[in-house]
Amino acid sequence: MLDFINLINNINNPTSPTKITPKVIPIKYEIKDILVDSDEEKYECDICTLELFIESEPKALQCKEGHLACRRCWERYLSTNKQCMTCKTPISSISELSRNRYLEKEYSNWLNDRLVFCPNSNENVFRLNMSGLPAINNSNQTLHQDLCNHGAMKFSELQNHYKACESRILQCNLCLIKFCSKDSDKHQNECSKVYSKCEFCNSNILRSSLSDHHKTHCTKYLIECPHCKIMIKRDTITKHINDDCEEIMITCSEYLCGKRFTRSKMQIHSLEHSVTKLMNQNEIIKKDNQNLDQEKKIEEIKLKLNNLLNNYIQLKNEIAVLKQNSFKEMVYSNKWIIPEYRSFNALYTHKKSKNSNDFQVGSHTFYIKIYPNGQAGKQGKFGVFLERKPRYGILLKYMFSFSLLPPEDSTATKVSLGPIHRVLILLLIDFEESRSLSCGTNVFTDSRKVLKDFLNEKGELEISFSITIQDEKIIPL
């Protein structure tokens, strides 16, 4: 008889535990569960009425006189009685029973020609085999979508069908979740136990821990300086605060005045001290200037004053450049890929919109909103907008752009918007907490042109976008 369970186990291909190499879950079922016509009574045990032949080992055993029963019934009966249950022939152990090879061969020939359904098309069998461990799809609604719909076939053809059956039950070797073979690619992209490369520090982090890694551990993740609000890499924040932060208060130590200023103002304060001191010296020299030597000293002081002034101007320029360069890292570019866009377009009719997932640019939260078939009054036009969730009490200067790229084999041309520059001043009294800030266009392109020219071979629509934070300042309340 066909060893169906061993066949399934041979399909498994285990590899390194750090990769997703799902194994096939051996399917458990009874022949009557898959037969098209249930007329197998001839091969049922007369005692328990269950199947005589299941799995790989022979279950039908007989005594010396030919009385037949399944192995389960023999084991149960011989545990308390050492004789045949029919003819009472003495039997000391189950090893004295024999197989009925003629009946086994007859059953095998009979079964191979029977019409059967795939075990994965039986809801009860499928539900039973999906139980015991977490499963991706285990609700009644999704269960029916996972059942095999191949139709009837000969039992002898079942093994070849099962090798390619999309409803074959697999189990992830990493997270132990069960799923159907057709969902392999989906699980590959969603498994919480897969390691992903952190986009900031390039460390390999569990996908389920990536968000926590960014919030607490990633040394290259941009965090906000609590004093000057500039975004700084986590591993340089201490040095930034100790040596560079322009808003840290420090005490004047050069001229014993004891005054406290922010670091940005302390440099100017020191220059003012130097200028004042030199000016006082200049006044004294002027009063005592009675010879050419005194005139020479005055010229020297003027030269020093001029040098100090040049240093003062250079320092102010360096501070301005330093502030400007602190925003160079606040540039974000990405793509929003919408799968099965034709179905998506049919669902989001005129006036209906769809939002992308939120994304962070520095300390600011944005998302993309599209109108596949137009806003009110713009039916048939593809609208796209950049939405920003408000963060109050700041002046924000940024620019953004959108573009649709046609597939490589298309003759269509790229459609772009931007770069568009925006300057926002957000006070606490201006907006409600839930309101977002929108900018974009409701006539980006024609909705039908999107369907015709911009879908790739998978039916996906790719929207490329880029956002650059150019400047931000805190506005006192």
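Just so you know, glycine gets a Cβ as well, placed from its N, Cα and C.
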* Structure fact -> Candidate ranges 45-88, 397-440; Swiss-Prot annotation zinc finger resolves to 45-88
* Quick one: average pLDDT across the zinc finger (160-211), no decimals. => 82
* Please list, for the zinc finger (45-88), how many residues fall into helix, strand and coil according to DSSP. => 8 helix, 8 strand, 28 coil
* Counting by DSSP, what is the helix, strand and coil composition of the domain 'MATH' (331-463)? -> 14 helix, 66 strand, 53 coil
